[in-house]
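As recorded in TrEMBL:
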| type | residues | note |
| --- | --- | --- |
| TRANSMEM | 7-27 | transmembrane segment |
| DOMAIN | 9-315 | domain 'Acyltransferase 3' |
| TRANSMEM | 33-53 | transmembrane segment |
| TRANSMEM | 73-93 | transmembrane segment |
| TRANSMEM | 105-123 | transmembrane segment |
| TRANSMEM | 130-149 | transmembrane segment |
| TRANSMEM | 155-175 | transmembrane segment |
| TRANSMEM | 187-210 | transmembrane segment |
| TRANSMEM | 230-247 | transmembrane segment |
| TRANSMEM | 275-293 | transmembrane segment |
| TRANSMEM | 299-319 | transmembrane segment |
Amino acid sequence: MDNSKSIKIQIIRGFAIMAVVGIHSHISYYGGIWIRPFLNFAVGTFLFLSGYLTSKDITSPFDFCKKRILRVLIPYTFWSVIYTMIYNSWGSFWKNYLIGNACDIYYYIIVYIQIVLISPILIRLINSRFWALGFAPNVIYLIVKYVIAMRGADIPGIFNINFFYSWTAFYYLGLCHARRRIDIRKIPLAIYIFAWIILSGIQVLEGHLWLGYFGILPLNYSLAVSQQKISAVLTTLIFDCMIVYFIECKKSIPFMGGLKHIAGDIFAKIGDASFGIYLIHVMLLMVLNSYLYNRVLNVFPINMFITTLLCSVLVLGIGRILKAVFGDIVGIRIIRWLGF
């Protein structure tokens, strides 16, 4: 992959991790209905990029799974222990560790590991005439979720977002485009942009419906702002199609000055630190909420920007210190273990 494309992917990761931080930042109850539709692309986009960047041919499924899983499992284990210490939840450590609940947002790593494990199957499916079935888990999940939600309930506990079936479509779309089973760029970018605008509006409308407006649907605030409602899933899939144009466009991007503009550099750096930001930002938010936001300034999106930038400085700064103290070989290994 050429350097320009790699930088673009890191810029997208930078935007996506900022959206993740935004989701966990203070947003007013009603404000979430309007703001979350523009942040809900985050997790799906990370999974899409993972699928997009997966090698076309996996010669050794074992080596593929081992490499990808160890890359996240070691940092996940370390930070799960840290969060268990913070929450003093040792009694449920192993349960939380296995389902991604040592920190509420760690479900993503468990989902990612599951998707990595089924990747060889998904790739074989892409090469068959039944390739469209790769999207079936998400479709079935959404149908079940909505049937239950219409009855005023929700899918129990970990079965909601902690399993691959609720997220596979994003990863699978990335796999399909990388192998041209689906050629995203056959449809003009203008159509994707138009669809994204319409679907974003539908997300806002659906959010209001689940908030009890018009008396059509039962009150369900969780679903009203969720990344896992139908309008949000479709919006994210369209957004992922849009970013393919950004990644694969060979022309320089005027507003970024050929990717040398300071904004591009900042978001690329944030993208470089994205996994580390994901791992530690909840911890930093605890401190910032106690000593800054709840006392002085807790206004979205200012809190999102401050938290993201501070996390980036911490992750990149600690990485530099470790390399300076332990040298490149040992330092880089420790950095990888930390997820930085």
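The backbone N, Cα and C atoms fix where each Cβ goes, and this holds for glycine too.
In this chain, the transmembrane segment (130-149) does not touch the transmembrane segment (299-319); fewer than three CB pairs sit within less than 8 A of each other, excluding pairs fewer than 6 residues apart. If you count C-beta pairs under 8 angstroms between the transmembrane segment (7-27) and each of 73-93, 105-123, 187-210, 230-247, 275-293, the highest count goes to 275-293. With Cβ pairs under 8 Å as the measure, the transmembrane segment (187-210) is packed most heavily against 33-53, out of 33-53, 73-93, 155-175, 275-293.
Averaged over the domain 'Acyltransferase 3' (9-315), the predicted model has a pLDDT of 92. Same-chain neighbours of the transmembrane segment (33-53): 1, 9, 12-13, 16-17, 19-20, 22-23, 27, 108, 111-112, 115, 167, 169-178, 200, 203-204, 207-208, 211, 224-227, 231-233, 235-237, 239-240, 243-244, 247, 274, 300, counting only residues six or more beyond its ends whose CB sits under 8 Å from a CB of the stretch.
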